[in-house]
Amino acid sequence: MDQEKVIVIDFGGQYNQLVARRVRECNVYCEIYSYKTDLAQIKAMNPKGIILTGGPNSCYEDGAPTCTKELFELGVPVLGLCYGAQLMQHVLGGKVEKAPVREYGKTETFVDKSSALFSDVSEKTIVWMSHFDYISQIAPGFKIVAHTADCPVAAAECTEKNLYAIQFHPEVLHTQEGTKMLHNFVRGVCGCAGTWKMDAFVENTIKEIREKVGSGKVLLALSGGVDSSVAAGLLSRAIGKQLTCVFVDHGLLRKDEGDEVESVFGPEGQFDLNFIRVNAQERYYSKLAGVTEPEAKRKIIGEEFIRVFEEEAKKIGAVDFLAQGTIYPDVVESGLGGESAVIKSHHNVGGLPDFVDFKEIIEPLRNLFKDEVRKAGLELGIPEHLVFRQPFPGPGLGIRIIGEVTADKVRIVQDADFIYRSEVDKAVAEYKKANGKAPAWMPNQYFAALTNMRSVGVMGDERTYDYAVALRAVNTIDFMTAESAEIPFEVLQTVMSRIINEVRGVNRVFYDLTSKPPGTIEFE
């Protein structure tokens, strides 16, 4: 992609993808590379700026990730963050040692507003520290431009060479004015114009697809999820009916989801493509009969998808390209294990190439983060209910039904889940209308699951012996940890009443308060 870019060099820190996302929020394109990437390759990319990330090591120890002095002599602005700041000082002649006082968490920091990084930042600001080493002596040519009560060098700069070292993490939200600092570096120091915008990305990607595909045929497995839907939209805009999408409806989707996907991508939809819907519900239910173990269910669902897709692919015949909804985090995670100096091409194919007759993979979203994929979807005109769809597991409702999966159990969980999500969405919308903002309790993910427990109840003066539905709602930033959402009790009461009255086969509703850990977000 021929455009101005900033390169993030990864040293193993936990926030590295976040750094790249923050740079892109400044409308500047950014890519992540391993610290092992050859200097000549970095130079050949002609970056407008370089950012060195944090990492878990001590830069003065043998075997620690490092870089050459020549990196700082390219004539390109360099910003070091945490470990990256320490490494910059260490390589250029400063001194880094174990800190007499470690700093973790929110820390009051005093900055020199004459610095280009802090010109519009408050003189006293809150930043996020996370370090056990510190810069005890700055390198020649540097000037200290920020400090804390326990850290004499919270930031240093060498304006002559446009080198900047920051001991804290401006990329995390806990650093109150971190976005300003990164903006000042990327747009100010580096001089980036800020031309990375989604409308331009969509337009350029469509051109690139047309050039690459030519008159060739493309095959895409369309799940109805965000990534494959946006990939389908991009490809359709570029090559029309040269694209064939195979949508396998395994009967384990949310209520009406299969029809929603077809309404957008099918013959009556807004996209010009060949759409094949395979209704394989009974086939899946038959394979899952009597199976109760979660991993066994996952395996059956995955293997059956392969078989169904294989059958359809054989009917279609040879194609030139197999398209995938690979996104940038997949690419980054495949290439930063230390085995490759450059991020490797990531083929998230899951066994498909063995039986699909194709020449090459095409991944139109491989440069985008998840939030950018959603923006691209909106730019393409894909309906919001698809673009902002909640996370949904690959095995679908198969792992939201505890125990054996049957058609009747699928009906129960589909109906209960639809009611639950509808009522939560309604409550959120009403709050937004009244208050002009989303409620603090608004969950990041919420769904209903069917337990394997039946119990006695009384409905209409008659004894019942029916299933219990569990409601799950969590608040989370990264889905690695999560807390149960505090949905208002009156909303939960309405949900409970509707489920018991409207969903045949249910006489109890539970609300799951378990955090992650010890629990997981999904039930199986």
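Every residue, even glycine, has its Cβ placed from backbone N, Cα and C.
Listed features, source Swiss-Prot:
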type     : residues                                               : note
ACT_SITE : Cys82                                                  : active site, nucleophile
ACT_SITE : His169                                                 : active site
ACT_SITE : Glu171                                                 : active site
BINDING  : Ser223, Gly224, Gly225, Val226, Asp227, Ser228, Ser229 : ATP binding site
DOMAIN   : 5-195                                                  : domain 'Glutamine amidotransferase type-1'
DOMAIN   : 196-389                                                : domain 'GMPS ATP-PPase'
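Features recorded in Swiss-Prot, as mapped to the structure shown.
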{"residue": "Cys82", "record": "active site, nucleophile", "Cβ within 10 Å": "26"}
{"residue": "His169", "record": "active site", "Cβ within 10 Å": "24"}
{"residue": "Glu171", "record": "active site", "Cβ within 10 Å": "28"}
{"residue": "Ser223", "record": "ATP binding site", "Cβ within 10 Å": "20"}
{"residue": "Gly224", "record": "ATP binding site", "Cβ within 10 Å": "22"}
{"residue": "Gly225", "record": "ATP binding site", "Cβ within 10 Å": "16"}
{"residue": "Val226", "record": "ATP binding site", "Cβ within 10 Å": "24"}
{"residue": "Asp227", "record": "ATP binding site", "Cβ within 10 Å": "20"}
{"residue": "Ser228", "record": "ATP binding site", "Cβ within 10 Å": "21"}
{"residue": "Ser229", "record": "ATP binding site", "Cβ within 10 Å": "26"}
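Of all the active-site residues in the list Cys82, His169, Glu171, the shortest Cα-Cα distance to Ser229 (ATP binding site) is found for Glu171. Under the three-state DSSP scheme, Asp227 (ATP binding site) falls in the helix class. With Glu171 (active site) as the anchor, the candidate binding-site residues are Ser223, Gly224, Val226, and the one with the nearest CA is Val226. Cα to Cα, His169 (active site) and Cys82 (active site, nucleophile) are separated by 7 Å. Cβ proximity to the ATP site centre (mean Cβ of Ser223, Gly224, Gly225, Val226, Asp227, Ser228, Ser229, cutoff 8 Å) flags the following additional same-chain residues: Leu222, Val230, Ala231, Gly325, Leu386, Arg389.
Per-residue pLDDT, averaged over the domain 'Glutamine amidotransferase type-1' (5-195), rounds to 95. A separation of roughly 33 Å, to the nearest angstrom, links the Cα atoms of Asp227 (ATP binding site) and the residue listed as 'active site, nucleophile'. Cα of the residue listed as 'active site, nucleophile' to Cα of Ser228 (ATP binding site): a distance of 37 Å.
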